[in-house]
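**Q** Quick one: the structure is below, and I'll ask about it shortly.
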Amino acid sequence: MTKFRKKGLIIAVAHDINLKTNESLEELELLCKTLGIDVLEKVVQRREKPDPATYIGSGKLEKIKKLCDENQIDVVVFDDEITPVQQRNLESILKVPVLDRTQVILEIFSKHATTYEGKIQVEMAKLVYELPRLRGKGFYLSNPGAGIGTRGPGETALELDRRKLKQRIAVLRKELNKLKINRENTRRARLSSGYYLVSIVGYTNAGKSTLLSALSKESDILVSDKLFSTLNPTIRKVKLPSGRCCLVGDTVGFISKLPHTLVEAFHSTLEEILYSDLLLLVVDISDPFYKDKIAASYDVLQEIGAYEKPKMLVFNKIDALPEDKVELIRYEYPEAVYISAKHRIGFDDLFLKLESYFKSFDVHLNIKMAHSDYGLVSKYFEYVRIEELSSSDGYDFVQISGPESIVLKIKNILDSRTENNCFKER
């Protein structure tokens, strides 16, 4: 443990202490580790509901106080969101900073935000979270934003802080709306390009960025073994073995108990998923709680309105699990794809499944083409499949299959050059 890291305790309250409780605590420990906190001990109290004043009972609180004093604990972290009152009371008793799961996630997002939009999204989420927690803190915002109000007559320091926070949130919302318009323009141009859009989604640290890097064969994509290393979408052009191309995008990772303030702040980013033709739901097959991760991912997709999108389940990291265990999961999920993005294992099957999905999205055009016609439309060949049906008198009778916008462009070009009897069908 280096001097730069902090020592922490993790606290949880549960009606029943079971595997799900332990899974949640292990996940919180990983979150803390990402934030630079080494967890010395995890404490769980079994009770019907949290204490309204201190979240945990007085006896357990005494034990935690003793642990803090004996181990020189720097921070105490609670597995669920605590109220402002509980946080103040706990900090008063324990004499150390008290965080909850939401704050830890927000701080991680803050550390990993590198783009202008990402920084604004995180700042807004943090301020929305902090607003109800100002009572009794009496602090002034260190960087509330240029040009934001001055103190009115009779206004207390607390009222000033709250007013500045609300004004800053309003400024950030306005800026995010501007960025949303820019994103929509970019998205519109991308949609009109004719490529199918595939979004890689899934639980944080499932290997989504590694998969995108392997598919696109580009090394400039940030690949990290830390939680939430990707916050804003990264989109790359991917060429399939057939020669057809598509766009594939990486997205922010999901997590259970995802703070609503983050969902709201990152809504424009998560909206990218809504405009996808296909979702690749990536799951870490070596995670003993992979079923819960799948369920949590479905919950987020439901919350953002993307649950009904076509989905392909992709189990990643098969190299990290014995073959017999992989086969058991393969038996339970026969329609899924099993890969190792790191070692490019299973990509043939992944490409076949992608091609199969694209074929189901395609429209078809049966048309007569002269040999000279191919040069007129050759620039569109990476978007479509061309199958020769028959040939006669110097003409090919072909079926062109691809995105509707591209197929119609090809039809219009050929119709303008020659008389064609053609028809379009799904």
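Note that Cβ sites are derived from N, Cα and C of the backbone, with glycine treated the same way.
Just so you know, TrEMBL annotations are computer predictions that nobody has curated.
So TrEMBL lists these for the protein:
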- 155-189: coiled coil (COILED)
- 196-362: domain 'Hflx-type G' (DOMAIN)
- 202-209, 250-253, 316-319, 340-342: GTP binding site (BINDING)
- SER209, THR230: Mg(2+) binding site (BINDING)
**Q** Looking only at the domain 'Hflx-type G' (196-362), what is the mean pLDDT?
**A** 86
**Q** Could you check the binding-site residues LYS208, LYS342 and say which one's CB has the most other CB atoms within 10 Å?
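**A** When each Cβ's neighbours within 10 Å are tallied, LYS208 leads.
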**Q** What number of additional C-beta atoms lies within 10 angstroms of the C-beta atom of GLY202 (GTP binding site)?
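**A** Taking every protein chain into account, the count is 26.
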**Q** I'd like the Cβ neighbour count for THR251 (GTP binding site), meaning other Cβ atoms within 10 Å of its Cβ, all protein chains included.
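**A** Around THR251 (GTP binding site), other Cβ atoms within 10 Å: 25.
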**Q** For each of ASN205, SER209, ASN316, count the other CB atoms within 10 A of its CB; which of these binding-site residues has the top count?
**A** ASN316
**Q** List the Cα distance (Å, whole number) between LYS342 (GTP binding site) and SER209 (Mg(2+) binding site).
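**A** A Cα-Cα distance of 10 Å.
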**Q** Rounded to a whole number, how many Å is the Cα of ASP319 (GTP binding site) away from the Cα of SER209 (Mg(2+) binding site)?
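**A** With the alpha carbons as reference points, the distance is 17 Å.
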**Q** For GLY202 (GTP binding site), just give me the three-state DSSP call.
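**A** The three-state answer is strand.
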